[in-house]
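A short write-up of the structure that comes next.
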Amino acid sequence: MKMAGWKKKLCPGHHLWALGCYMLLAVVSLRLSLRFKCDVDSLDLESRDFQSQHCRDMLYNSLKLPAKRSINCSGITRGDQEAVVQALLDNLEVKKKRPPLTDTYYLNITRDCERFKAQRKFIQFPLSKEELDFPIAYSMVVHEKIENFERLLRAVYAPQNIYCVHVDVKSPETFKEAVKAIISCFPNVFMASKLVPVVYASWSRVQADLNCMEDLLQSSVSWKYLLNTCGTDFPIKTNAEMVLALKMLKGKNSMESEVPSESKKNRWKYRYEVTDTLYPTSKIKDPPPDNLPMFTGNAYFVASRAFVQHVLDNPKSQILVEWVKDTYSPDEHLWATLQRAPWMPGSVPSHPKYHISDMTAIARLVKWQYHEGDVSMGAPYAPCSGIHRRAICIYGAGDLYWILQNHHLLANKFDPRVDDNVLQCLEEYLRHKAIYGTEL
């Protein structure tokens, strides 16, 4: 009776008016129905509702990561110079810079995990069946800057993936506790079972990844590939794009592997020892085991599960692992050499035709200061728009268009204290592309 009375009030007893009112009621009912069907907390991947534009819009609005400043991220990602200059000028204004989130902030907000994940806008369900069926493993080695770690985790997070986090034993206790608090909110993120003190350019950097490899192989997740990261990395592809790129490898690995220069050969000519730092001795090392040809690359790799298994279990691999332990920066020649070893799954021959530069491999995009220059004159890339640290570009907003033109899965280095605009725009770009499948 109440419903009938409500209809009479809304729709007076005129036939034409009544027809219009019933049409209005139908539209309202449809919109309410769509709203209920688009419950973003319980979307079914196979449902038509999930694929509808209306639901995508609702989902994006609940998860979008817009830049917090008045910068034109769409223009920056497209290389619009006016937008880039505005962002670079904006970054110079100290008063506009937000202080980084602290260990204490994360210790407090993670007391309520659901609030933390909602407020920090983590994607908590697979965005496609293809992604669900192709889980990726991550080895994440960190030692400082808790907000950097949390934003990196958020950017690469998907509930079907598996994440091992190694924290440097030397890190402050509050940092370690904040990392533990964050990962306690996710069933598929865990701390490495064995932690080591990481010394720059020493074996410990490799050991951190090996510890995560062991743990990841013991997990119940049937991951296909392993990616390793550090705290200054950030993805430049969505999880869906990564899955597609990894499938195209067809079991092969992707990492830099080139012939070493004479200066780099000195890295394994003498033995190195570790105290608080790494220092050379006068002790000459024996040649590589079985006169294996040595190659150089970097610390980062895209490795198949079978490759990882052989790193840990194959006797020939273990002999090489032992041999490189007292060399300088072994992470930059161990993986590169194993990638050319004939017994390793997914490797490539040692013949020069198979040399792989960092620009050819998909593991990591880096701008080296000594390679920057005029592209029209043959330089591989333009000068860094941020600053340099250890001859590596800390990206600025002017680098983002170039970054997004490359095929790599991740890029290095980012630091929000140097330029947060480039990171915010990259976050906005990736989140938009993850939900809509299109660029900003």
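For all residues, glycine too, the Cβ spot is worked out from N, Cα and C.
Quantities reported herein were computed from a predicted structural model and do not represent experimental measurements.
For CYS230 (disulfide bond), other Cβ atoms within 10 Å of its Cβ number 22. Taken from Swiss-Prot, the feature disulfide bond covers CYS73-CYS230 (among others).
Secondary structure from DSSP puts CYS384 (disulfide bond) in coil. The disulfide bond annotation in Swiss-Prot covers CYS164-CYS384 (among others).
Listed in sequence order, THR110, CYS113, PHE116, LYS117 are the same-chain residues six or more apart from CYS185 (disulfide bond) with CB atoms under 8 A from its CB. What Swiss-Prot lists as disulfide bond is CYS185-CYS212 (among others).
Secondary structure from DSSP puts CYS393 (disulfide bond) in a beta strand. Counting every protein chain shown, 24 other Cβ atoms lie within 10 Å of the Cβ of CYS393 (disulfide bond). The disulfide bond annotation in Swiss-Prot covers CYS393-CYS425 (among others).
Following the DSSP three-state reduction, the secondary structure of ASN72 (N-linked glycosylation site) is coil. Taken from Swiss-Prot, the feature N-linked glycosylation site applies to ASN72 (among others).
The 10 Å shell around the Cβ of ASN108 (N-linked glycosylation site) contains 13 further Cβ atoms across the protein chains shown. In this structure, ASN108 (N-linked glycosylation site) is part of a helix by DSSP. Residues or ranges marked as N-linked glycosylation site in Swiss-Prot: ASN108 (among others).
The annotation topological domain 'Cytoplasmic' is assigned in Swiss-Prot to 1-9.
The topological domain 'Lumenal' annotation in Swiss-Prot covers 31-440 and rests on sequence analysis.
The feature transmembrane segment is assigned by Swiss-Prot to 10-30, with sequence analysis given as support.
A straight line from the CA of CYS384 (disulfide bond) to the CA of CYS73 (disulfide bond) spans 18 Å. Between the alpha carbons (Cα) of CYS164 (disulfide bond) and CYS73 (disulfide bond) lies a span of roughly 32 Å.
The subset of recorded positions (CYS73, ASN108, CYS212) lying with their Cα within 10 Å of the Cα of CYS425 (disulfide bond) consists of CYS73, given in sequence order. Look at CYS185 (disulfide bond): DSSP puts it in coil.
Of CYS212, CYS230, CYS393, all annotated as disulfide-bonded residues, the residue with the shortest Cα distance to ASN108 (N-linked glycosylation site) is CYS230.
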